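Participant: I have a structure I would like to understand better, so I am pasting it below and will then ask my questions one at a time.
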């Protein structure tokens, strides 16, 4: 959530920066509500001050026996009127706060001044490439490899649920489990505390991380409860410290969580209908940081490097990309994407987004720390470390052999228990 004071005092700056996302945001109504709320705060403070003075006068007059009952009742009536007026203003403020919350929650984060300017993904800037992309002819797509090796079944999954669900079978399930354990071990050994959060989250948690209200159509909601299937572990990890003041001495807090993720993919009709790339349910290992506001720029580089380390250990070719202002996620100020090489399509596909959200999520979730004896909002960062299904797809395609088998990356062999997945 953006700072009300910034919107109120520097609206042009806010509008100009939001426009870099490629959309016009009118903040006049928000500024009007914010100014009105500030005026009410001033009125309340003034009335409370007058009421306090009056109480002192009444007390002094009673102690000195300088007041009769009629005068005393008149003063008490005046005090009651002050309290009634304060109560009325408090109710107005409550209504204004709700309106402000609703309006401000629709505004995305301000892009970082360091994010490249651009309208869409075509304007993203490649930072670097790593590894040697496989470019042979007649390479199979991962779904063909998976079907040939009996690693998953999408037909039966459609009977169980509907399209865009998949059941991993045999070595497919085994490979998924191996990847999860491998990623969790790598990150845990790198200073992350492992959490296993709930898969169901409430609306307040989704609001806090920035998924609501904008992405309500992209999520699955329970019919009879204020609960949603979590679209990413970023949601419960943000909410883990909701409404807390964190001791600066223990920062940064670094968490890693494996979780199922659920997305409706409402806007992806006709795209990636086969395989593991775009499913309604998928598994992901998520990295999440709570850090000192002065340290988030360095933390962003570090969390990205931590996600990259998985790709390097698995020897999967990838590139890193600096996301332009028009392609940034709602809560992000700056994002570095990691894209893994998929030989069958001769292109890179996103496998991790590592984002610095500054204090945007912390404001929405009321997560603060103490800096120079003052309470300040903390900074949050998140990144996939990695998406399991897409990692599996990359291993199948980059590790495919002429005999139809798949070579397992050396670092994964102790977890998988074999160097190859072979036809039976």
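Cβ coordinates are placed from backbone N, Cα and C, and glycine is handled just like the others.
So Swiss-Prot lists the following for this protein:
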- 232, 233, 234, 286, 384: L-serine binding site (BINDING)
- 263, 264, 265, 350, 351, 352, 353: ATP binding site (BINDING)
Participant: Go through the binding-site residues 232, 233, 234 and tell me which ones have a CA within 10 A of the CA of residue 353 (ATP binding site).
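Facilitator: None, since no candidate lies within 10 Å.
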Participant: With H, G and I counted as helix, E and B as strand and the rest as coil, say where DSSP puts residue 265 (ATP binding site).
Facilitator: coil
Participant: If we check Cα distances from residue 384 (L-serine binding site), which of the binding-site residues 350, 351, 352 wins as closest?
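Facilitator: Going through 350, 351, 352 one by one, the Cα closest to that of residue 384 (L-serine binding site) is 352.
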Participant: Cβ within 8 angstroms of the Cβ centroid of 232, 233, 234, 286, 384: which residues besides those meet this for the L-serine site?
Facilitator: 235, 237, 257, 259, 261, 284, 287, 288, 382, 383
Participant: Quick check for the class: what is the C-alpha distance, in angstrom and rounded, between residue 265 (ATP binding site) and residue 232 (L-serine binding site)?
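Facilitator: The Cα atom of residue 265 (ATP binding site) is 13 Å away from the Cα atom of residue 232 (L-serine binding site).
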Participant: Reported as an integer number of Å, what is the Cα distance between residue 264 (ATP binding site) and residue 234 (L-serine binding site)?
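Facilitator: On Cα coordinates alone, these residues lie 17 Å apart.
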Participant: For a quick check of packing: other C-beta atoms within 10 Å of the C-beta of residue 264 (ATP binding site), how many?
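Facilitator: The Cβ of residue 264 (ATP binding site) has 17 Cβ neighbours within 10 Å.
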Participant: How long is the line from the C-alpha of residue 351 (ATP binding site) to the C-alpha of residue 232 (L-serine binding site), rounded to the nearest angstrom?
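Facilitator: Between the alpha carbons of residue 351 (ATP binding site) and residue 232 (L-serine binding site) there are 14 Å.
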Participant: Is residue 234 (L-serine binding site) helix, strand or coil when read with DSSP?
Facilitator: helix
Participant: Relative to the Cβ of residue 350 (ATP binding site), which residues of the same chain, six or more apart in sequence, are found under 8 Å away?
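Facilitator: Spatial neighbours, sequence-distant, of residue 350 (ATP binding site): 337, 338, 339, 390.
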Participant: Per DSSP, residue 351 (ATP binding site) is which: helix, strand or coil?
Facilitator: strand
